[in-house]
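Per TrEMBL, the features are:
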type: BINDING; residues: Asp23, Phe24, Asn25, Arg39, His62, Leu63, Gly64, Arg65, Arg121, Arg154; note: substrate binding site
type: BINDING; residues: Arg39, Arg121, Arg154; note: (2R)-3-phosphoglycerate binding site
type: BINDING; residues: Lys205, Gly296, Glu327, Gly356, Gly357, Asp358, Ser359; note: ATP binding site
Amino acid sequence: MNPRIKNVDNLSFKGMKALIRVDFNVPLDDHFHVTDDTRIEAALPTINKILNDGGAVILMSHLGRPKSGPEDKFSLKHIVLTLEKALGKSVKFAPDCIGSEAKNLAEGLKAGEVLLLENLRFYKEEEKGDADFAKKLASLGDIYVNDAFGTAHRAHASTAVIAQYFDIKVCGYLMLSELKNADKVLGNPERPYTAIMGGAKISDKILIIERLLDKVDNLIIGGGMSYTFAKAQGGSIGDSLLEPDKLDFVLQLMEKAKTKGVNLILPVDTVISKAFANDAEQGLAKKGEIPDGWMGLDIGPDTRKIFAETVLKSKTILWNGPMGVFEMESFDKGTKAIAEAVAEATRNGAYSLIGGGDSAAAVNKFGYGDQVSFVSTGGGALLEHMEGKVLPGVAALEP
Ligand SMILES: Nc1ncnc2c1ncn2[C@@H]1O[C@H](COP(=O)(O)OP(=O)(O)O)[C@@H](O)[C@H]1O
Ligand SMILES: O=C(OP(=O)(O)O)[C@H](O)COP(=O)(O)O
């Protein structure tokens, strides 16, 4: 990170109102209860530092992807209770992120108090990076803090454009810690360095996979994306996930891995199912031998062993994307086995970084969250940072 960028630790917030961009884009259930509060907990160090300094805090975030204006299911009012519990104090809520009510609430805010603004994306100006909208938001606080690592890859009004309206703009503890941990893998990682890629879509992760070939010793591919590899090699994959327009790409990738001396490790067997359901008829198939009418929903037992052996020999591990449909018990064994292996490798001295909403949820679900080196709150943001792209949310903090 640019050493000229300041962080919250460099300042005293006494008597100041800090406007903090956080990423409270958290999952909610059908009753609008927060089902994973990781991103809220992760923002606490910055909020508490400012409150303890004698400052006041105004929090702004997006939630989901509302299409046209306010929608109750995307209201940040649903997270107030979780935030209050996490902070151990009451939180004021502004039902509109700009306008007279937000302005009055912000002006009346006393030292030690917290105000949460309604979803920024209820205004299309947020994603458009509209300067007037950013200016209105900026008028609410004295100092701008960006702690929204998960949204740092977006050049939106509240993440990037807004910074120009502040003399003092700093990054928060979460942002700082995310960037530091990512740099351990980006810089000069201890070898062997193994990347584990999984999840549903190759297209989302093409750039990072290509880039990783310049960096890693081992590249493990599991999850839904592995079936496109099996198909490209001439196998039968039944109704498994397939990205037909990526068949050429994966063949090129396999060639490239060979040229660069990267050990590309693909599944040798797969758990198959008649339907995308926990209780559907199930079986096992060898790689590329999935019968018609069946789909691959997890890596098989031989693959679990092969993948785990490589992980256990690694000194640096980057993991993004589950090995199967871990949300269903019948197809969670692959992801669980990898989580276990990553935790064991970490105990043996390896550095392990887990990124991606679903990967983080999986690691936490299986109880390994505190047994790996770092679980990132970013998905796309972490991958873009790893690809070497400049994150607009970070660049905007440069003096
Ligand atoms: N074989 C598979 N078939 C269908 N979906 C899969 C398969 N393996 C993994 N998935 C799904 O991929 C999703 C996660 O993918 P992704 O969003 O890329 O991960 P992350 O959020 O960690 O980056 C999970 O919901 C999981 O159920
Ligand atoms: O959850 C997020 O990203 P992620 O799904 O890549 O982890 C961030 O809050 C960014 O949300 P967005 O992808 O709607 O801009």
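In case you wondered, yes, glycine gets a Cβ from its N, Cα and C as well.
Fair warning: this is a prediction, and the values are worked out from it, not measured in the lab.
Put simply, Asp23 (substrate binding site) is 34 Å from Gly296 (ATP binding site) when counted between their Cα atoms. Of all the binding-site residues listed here (Arg39, Gly64, Arg154), Arg39 has the Cα closest to the Cα of Ser359 (ATP binding site). Summary of the substrate site environment: with the site residues Asp23, Phe24, Asn25, Arg39, His62, Leu63, Gly64, Arg65, Arg121, Arg154 set aside, the chain residues having Cβ atoms within 8 Å of the Cβ mean position are Ser61, Asn119, Gly150, Thr151. With respect to ligand 2, the binding-site residues Gly64, Arg121, Lys205, Gly296, Glu327 contribute no residue with a C-beta closer than 6 angstroms to one of its atoms. In this structure, the binding-site residues that sit close to ligand 1, with a C-beta under 6 angstroms from any of its atoms, are Asp358, chosen from Arg39, Gly64, Arg121, Asp358. Each of the binding-site residues Gly64, Gly296, Gly356 was scored by the other Cβ atoms within 10 Å of its Cβ; the lowest score goes to Gly64. For the pair Arg121 (substrate binding site) and Gly356 (ATP binding site), the C-alpha distance works out to 22 angstrom. Secondary structure at Gly296 (ATP binding site), taken from DSSP and collapsed to helix, strand or coil, is strand.
Counting only the Cα atoms, the space from Lys205 (ATP binding site) to Arg154 ((2R)-3-phosphoglycerate binding site) is about 17 angstrom. A 10 Å cutoff on Cβ-Cβ distances gives Arg121 (substrate binding site) a total of 24 other Cβ atoms nearby, all chains included. A simple Cβ count within 10 Å picks out one of the binding-site residues Asp23, Glu327, Asp358 as the most packed, and that one is Asp23.
Report note: the (2R)-3-phosphoglycerate site is defined by Arg39, Arg121, Arg154, and the residues of the same chain whose CB lies within 8 Å of the CB centroid of those residues, excluding them, are Asp23, Phe24, Asn25, Ser61, His62, Leu63, Leu120, Ala148, Gly150, Thr151, His156, Thr159. Within the set of binding-site residues Arg154, Glu327, Gly356, Asp358, the entry lying nearest in space to Asp23 (substrate binding site) is Arg154 (CA atoms).
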